[in-house]
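Database features, via TrEMBL:
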- 23-47: transmembrane segment (TRANSMEM)
- 39-288: domain 'G-protein coupled receptors family 1 profile' (DOMAIN)
- 59-80: transmembrane segment (TRANSMEM)
- 100-118: transmembrane segment (TRANSMEM)
- 138-160: transmembrane segment (TRANSMEM)
- 195-223: transmembrane segment (TRANSMEM)
- 235-258: transmembrane segment (TRANSMEM)
- 270-290: transmembrane segment (TRANSMEM)
Amino acid sequence: MENHTNVTEFILTGFKSHPGSQFFLSVLFSTMYIVTVVGNACMILIIRMDSKLHTPMYFFLENLSILDICYSSVITPKAALAFSLGRRIISYNGCASQMFFFSLFGTTEAFFLAVMAYDRFTAICNPLLYQIIMNKRLCVFMVVGSYLSGCINCTIQTGFTFSLSFCGPKEIHHFFCDVPAVMHTSCSDTLVNEIVMLAVCGSIIVGTALVVFISYVYIIITIVQMPSAESRHRAFSTCSSHMLAVSLFFGTVFFMYAQPGATSSPDKSNTISILYTVVIPMLNPFIYTLRNKEVKGSLKKQLKRKGF
C-alpha cells in the first residue's frame, strides 16, 4: 500500500464535546499522572533498597513499574496539556511516534503479566525447583523477550496504519493516537488493516491471556490440595494482586482490540481507553502494595529508618 497523504497534522477531538469539563479533565489527568509516577517510583525504590525483595517476582514487578511510568508518559501529559490549553494539534510524525511507543509499552505489559503468571505458577506448583527454573538468565531473557515482542507488534501496527492515505478530515476522535481511531480517519480502504490488527493484537491478547489462565488453573488446583489453611491463604495472597491486575488489563484491552469492529465506536473507546492508559498504571503499585505483606513490611521498615 502506498501512502499518498496530504495531512501533516491531526486534531485530537476526544472529549471536546464537553467544554465545561476541560479544566476538570486536565486536573484529573495531571493528578493521576503524578500519582502514577510517584507510586511506581516508590515501588521501584522499595524493591531496590530491600535485599529481601531481590527475587524473580519482584524483579518482574520492578520492571512492570518502570514500564507503567513509560506507558503513562506517552499519553497522559499530552492529553492533560490538550485539555488545559486547548492545544489538540499533533503532527503527523508525532502521532506516529505516540502510536509506536504506546503499542510498544502496551504489548510489553501484556507479556509481562503473562511472565508474572508463569513465575507464580512455578513458585506454587514447583517450589523445590523454583530457584533453579527461575534463574537470573531466564528472568532477563523473559523481560527482553517481552520488549522484543512489543517492538514487533508496534512496528507492524504503526507501519500498516501509516501506510494508509489521510486526505482529510484531520480530526481523530480520541485523546491520543490509538490505532483504531487513526485508522478511522483514513480515506483508504481499511479492511486489510483491520484484519491485520485483529489477527496480530487478537493473537497476542488471547495468547498471553491463555498463559495466564492455564497458569492460574494449575495454581488454584495446587492451592486447593494444600493440607493447611495457612498455606492456602499464604499462597493465595501472593497471587491475588496479580489476578486483579490481570483482570483489569486484559478485560479492557480485549474489549478494545481483540474483537471485530473495534474501529466502529470511537466515542465508546475514549472512556474505555482511560482505564488502561491512565487508571491501571496508577492503580498497579497500590494493588501490589496493599495486598502484599512483604512490600508493606519493607515500606514500614524504610519509613522507620527515615524517622517516620
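A Cβ is built for glycine as well, from the same backbone N, Cα and C atoms used for every other residue.
Quick caveat, the model's predicted, so the values are computed rather than measured.
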Contact between the transmembrane segment (23-47) and the transmembrane segment (138-160) (3 or more Cβ pairs under 8 Å, separation 6+): no
The transmembrane segment (195-223) in contact with the transmembrane segment (100-118), cutoff 8 A, at least 3 CB pairs, sep 6+: yes
Ranked first among 138-160, 235-258, 270-290 for CB pairs under 8 angstroms with the transmembrane segment (59-80): 270-290
Distal contacts, the transmembrane segment (270-290) - CB-CB under 8 A, six or more residues away: 14-15, 29, 32-33, 35-36, 39-40, 42-43, 61, 64-65, 68-69, 71-72, 75-76, 79, 102, 106, 173-176, 178, 241-242, 244-245, 248-249, 252-253, 255-256, 296, 299
